[in-house]
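First the structure, in the form of structure tokens, and then the observations on it.
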Amino acid sequence: MGTTPPEALLICEHCDTVYRRQPLAHGDVARCACCYAVLERHHGLSVNVMLALVLTAMIVFVQANMWPIVTLGLNGQLSGATLWGTIIVMWQQQAQVVAVLAAGTLFFFPLLKMSLLGWLLWFGRLGRRAPGFVPMMVTLHYLQPWTMSEVFVLGALVAIVKAHLYFDVMADPGIYAYAVLTLLITVFAGVDLRQLWELTPEDRA
Amino acid sequence: MSAFPRAAELGLIGCHVCGLVISADMPDPDDAADELACPRCGSALHRRKPYSYMRTWALLIAAFLLYIPANVLPIMRTASLNDIDDNTIISGVVELWVKGSPDLAIIVFTASIVVPMLKFLSLGTLLLSSQRGSGWARPQRAKLYRLVEFIGYWSMLDVFVVALLTALVRFGLLSLVEPLPGVIFFGLTVVLTMLASMSFDPRLIWDGRDSDD
Ligand SMILES: [Zn+2]
Ligand SMILES: [Zn+2]
């Protein structure tokens, strides 16, 4: 082992077992033999496809945020809600903690994540490291667990069913945009962003 | 050395952030005066997440303390002309069940009750067994940790439901929904349990292996 350069090695994050990196074929998943955690995943998405997915996600995200999600009717009166309408109402109703959580996990973090990815992939496509590559990659790592759009979609479903007991409920375009966004998030879930470190060569100053 | 070579035994460290493998010849870089930094991403390098046991215990206990008011206090008030009704998490689940959506009732029950309880029990078990250096069911415990990490954020479901209903049901005197303090405690519980599972280092499950291999 002493002669193997560290770059050719891989450490399982879940149990500290050391492996020699094996080239993965299309669609392969390398699992740790000790704890069965996923070590590396080779997904079939090229940089161009990933960039296209991120840009699509951004467009859908804008729509999901602008359009109302659901509208309720009671005796001819209508009441609709958008994501930001929801956040503002929570703030006004003495639930600022919830407003901040929702604004972060449903708006700012997903938006930041998509923008950073778009920026990094745009340059990655040209075989270059984007300006600010390192701090952006670190930020992406910490952002990873804090985006919750898919939970919100399920929450909207539950809210619709609950409201349906007392009101007329109309699903608005926003909910469909959210559904598409969830689909894109699922497609992207299998992508290991760490591969971006190897995709583009380091500029030695 | 056991069948699986471990990074700590070989003098290697993997960066938590970018995954780069670095050979560090220091006996224990966590004790070094200057923190070792990853040459690729600049993050501090540690063999194990620092103060993993202490942080995880503290966050887990804090989360549990907040989980009590989250369940006892009502999370949402529904008011109409002749009736004011305060809902707790459980009464919301019961309402969904009784009014004809048992499948959604099960989803909400899972996200709001089962997942947080599973997190408390699992992380508690992982902490205790790892601190004792136990060799019991290591692969299963490793799997349990990954499950807890994966499902944790779905608990935010009920918080979003309350927020959406509050924004939607705005019919003045006729019908109104307001959030109540329980939902704030619940949101904070979810955040704290997520932080707790992040600060636990799953490698601790496998440490102290030589004693019982
Ligand atoms: Zn492993
Ligand atoms: Zn690094």
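Quick reminder: no glycine exception, Cβ is built from N, Cα and C everywhere.
Annotation source TrEMBL lists transmembrane segment at B:57-76 (among others). With a threshold of 8 Å between CB atoms, the same-chain residues lying at least 6 positions outside the transmembrane segment (B:57-76) that come near it are 86-90, 92, 116, 119-120, 123-124, 127, 158, 162, 165-166, 177-183, 185-186, 188-189, 192-193, 195-196, 199.
According to TrEMBL, the feature transmembrane segment maps to B:104-129 (among others).
For the transmembrane segment (B:150-173), the residues of the chain that approach it from at least six positions outside its boundaries are 75-76, 78, 81, 89, 92, 107-108, 111-112, 115-116, 118-119, 179, 183, 186-187, 189-190, 193-194, 197, judged by C-beta separation under 8 angstroms. Sequence annotations record features per position, and here TrEMBL assigns transmembrane segment to B:150-173 (among others).
Remote same-chain partners of the transmembrane segment (B:179-200), defined as residues 6 or more beyond its termini with a Cβ less than 8 Å from a stretch Cβ, comprise 49, 52, 55-56, 59-60, 62-63, 66-67, 69-77, 86, 88-89, 112, 116, 119-120, 123, 126-127, 145, 148-149, 152-153, 155-156, 158-159, 162-163, 166. The transmembrane segment annotation in TrEMBL covers B:179-200 (among others).
Tertiary neighbourhood of the transmembrane segment (B:104-129): same-chain residues 53, 56-57, 60, 63-64, 67, 89-90, 92-94, 96-97, 136, 141, 144-145, 147-148, 151-152, 154-155, 157-158, 161, 186, 189-190, 193, 196-197, 200, 205, selected by CB-CB distance under 8 Å and a gap of 6+ residues from either end.
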